[in-house]
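My questions will all concern the structure given below.
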Amino acid sequence: MKKNKKLTIIGKLSEKLKCSLEELNKLSEQQTNYINYRTSQSTFLEACAGGGKTEVIGLKTAYEIKRWVNPNGGLAIITFTNSAANELDNRVKKYAGISASLFPHFIGTFDSWLHSYLLQPFSHYLTRYAGKDGDKSIRIILEDKHAGFLTNYTVNLTRGGQSRPIRATQYYCSPNWDNFDSFDEDISRLLTSQPLTRGEIASLIANKKKFITAGFATYSDAEMVCHQLLSAYPDLREKISARFPIIFIDECQDLSHSQIEILNILKSRGVHLHFIGDLHQAIYDFRKVDPSETRKYVDEHQFVNLKLTNNYRSCQQIVDISNTVIGQRIRVNANLTAISQTPCIIWQYDDTSFSQLPTRFDNLVAAHDLSIDKCAILARGKSTISPLKSQSGKKDYSKVELFVAAIESWYKPSRNATDLMNALEYLGRFFCMLGYDGNGSFREQYRPDSFNNIQWRQLLKKILCQCVDLYPFEENGNDINWNSWIPKLKTFLPTVWHELRGRTKEFAQIARKIRVPNGEGNNSVKSALQNAVIENRFRTTTIHSVKGETLDAVLLVSHKNRLSKGGHFSHWLRDGNHEEEHIRFAYVACSRPKHLLVIATPVLSQDELNRLINLGFIYQP
Ligand SMILES: Nc1ncnc2c1ncn2[C@@H]1O[C@H](COP(=O)(O)OP(=O)(O)OP(=O)(O)O)[C@@H](O)[C@H]1O
């Protein structure tokens, strides 16, 4: 795109939108092109992770809303979660000054759109549901619901001589009643491992119809009913198509087969579909979502394929590793400057060191001055996360508190062997964070590479002995407060800093970090030793729950057992096979952080370790 063309487009956008020229100028040519692209043709905006989809779809829909002239029909902007819909609507409000839910437009989840415009107003014509007190709305029942009334809607399937009751909520049917499956793996096997008899098919259909006619439906049933409505009533098809002539689908990789079929009926009546997404981030296999169906659909229907191929979230090393995970050969350019020389790190853990992972991560995060609120510990499943969440007991200190804790442990009159070890560990951690960007062996008092084990301990002891004037934390017989003690520490540290061989930071570069803890100025230094925070302070959660987010640092923890379903690091890195969902999970996790990506694995063989190192990770013992 010529520079003049981009300027013309952003000039046009800034007239319509509440967005300065300066802000719009940051958009890439690909982003500008998409925002300006005509809506009268179905398109697929295929974006890489961190490509700025959310930003772009916010601007695009705000722009279309501002120039919308049709009073009877509007845009449908569809997402898959309420939080994504709210986020998008906030952007539309920011840029267009009005909500995207203002008539004639719609913004919300696929389900809420379908239920509001098709299922609730029209389904009773098809299902003949009589309603209650004049209310003919359908009640959605979750698939895994076990309420007693569901025994009235049960069908028995006999396999291997055993009869198995299946509730109407536990299976779903295709709109033509010729295909049956379930989200429950066991029931899915029952339904699909051998052909159903005619009698079984008839029972499954009758049971499902009885359930729906009584005014109930699962989310899948709701989609089936809507599909049947659109197929059975041409007027309704025309009406919905005229009501929403343009439909945007954010995160289109999450579309299920039946949702694509519904959209296709509308497309055949002239609706223009605008898919936006990243097929590598499809992680809804448990809902039988297969991103290759979306790919096939857009290809077969000749959508205009537009792309966002620059990553605005992460530094280049993180982008490269994320792309290697999915076997992406075309280089994706990062637009963020790395803040660390080693943004991609491997740690190994054993049964003892597993529980120390959050503390280790805490040190790394603190050493890079990142905010804990924007960092997360991630795993595929809850069984890996739970033990990390529930640890307690060990105290965690801020940087200057570490120094205080070190000299307290060293000088206290009743010092025992544990105090000695703690003193070395606290001081080692302090210097590792401030002098070595957090790169040190946490098993050896955070020893940096430039020292051997003995040399490092000797240096720490020597410095502790030199701190004699900083202890006890008293002045003229009274407890000293932080305001008075920090200047003493600031005078002391430069006298020993030169001893930190191979340091990555000079004292002048970190001096501002030697400061009074927030709001503690008038409190006694001794009080820090009682008020320390209990770890783990990180948000510790599943990969699923951070989809769509931008984080500063991520610690991705592998399950220790290879047999775990998709949770072991070996499932995330499979040569030549990049289609598995496990790989997409790894991709989502690896592509969240801006600055630091750490993978913690159980102890690796040399081959495994080399493989990770070849991918671009740096191993930190
Ligand atoms: N042109 C741009 N210049 C600078 N920053 C940008 C630009 N476009 C997007 N960003 C920023 O990049 C980050 C990632 O953007 P966004 O979250 O929209 O990506 P995404 O495509 O939705 O990513 P994902 O699919 O991986 O969740 C955000 O912090 C966003 O503000």
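Cβ atoms here come from the backbone N, Cα and C positions, even for glycine.
Checked TrEMBL, it gives:
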- 26-315: domain 'UvrD-like helicase ATP-binding' (DOMAIN)
- Ala47, Cys48, Ala49, Gly50, Gly51, Gly52, Lys53, Thr54: ATP binding site (BINDING)
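Are these features on the surface or tucked inside, and what are their neighbours?
Over the domain 'UvrD-like helicase ATP-binding' (26-315) the predicted model carries a mean pLDDT of 93.
A coil conformation is recorded for Ala49 (ATP binding site) in the three-state DSSP classification, outside any helix or strand. Cβ neighbour count for Ala49 (ATP binding site): 24 (other Cβ atoms within 10 Å of its Cβ, all protein chains included).
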Output, ordered by sequence, the same-chain residues six or more apart from Cys48 (ATP binding site) with a CB under 8 Å from its CB, or 'none'.
Asp278, Leu308, Thr309, Asn310, Asn311, Asn323, Gln328, Val332
Taking only same-chain residues 6+ apart in sequence, whose CB is under 8 Å from that of Lys53 (ATP binding site), what do you get?
Leu45, Ala47, Asp250, Ile276, Gly277, Asp278, Leu308
If you check the binding-site residues Ala47, Cys48, Gly51, Thr54 one by one, which have a CB less than 6 Å away from any atom of ligand 1?
Ala47, Gly51, Thr54
I'd like the Cβ neighbour count for Ala47 (ATP binding site), meaning other Cβ atoms within 10 Å of its Cβ, all protein chains included.
26
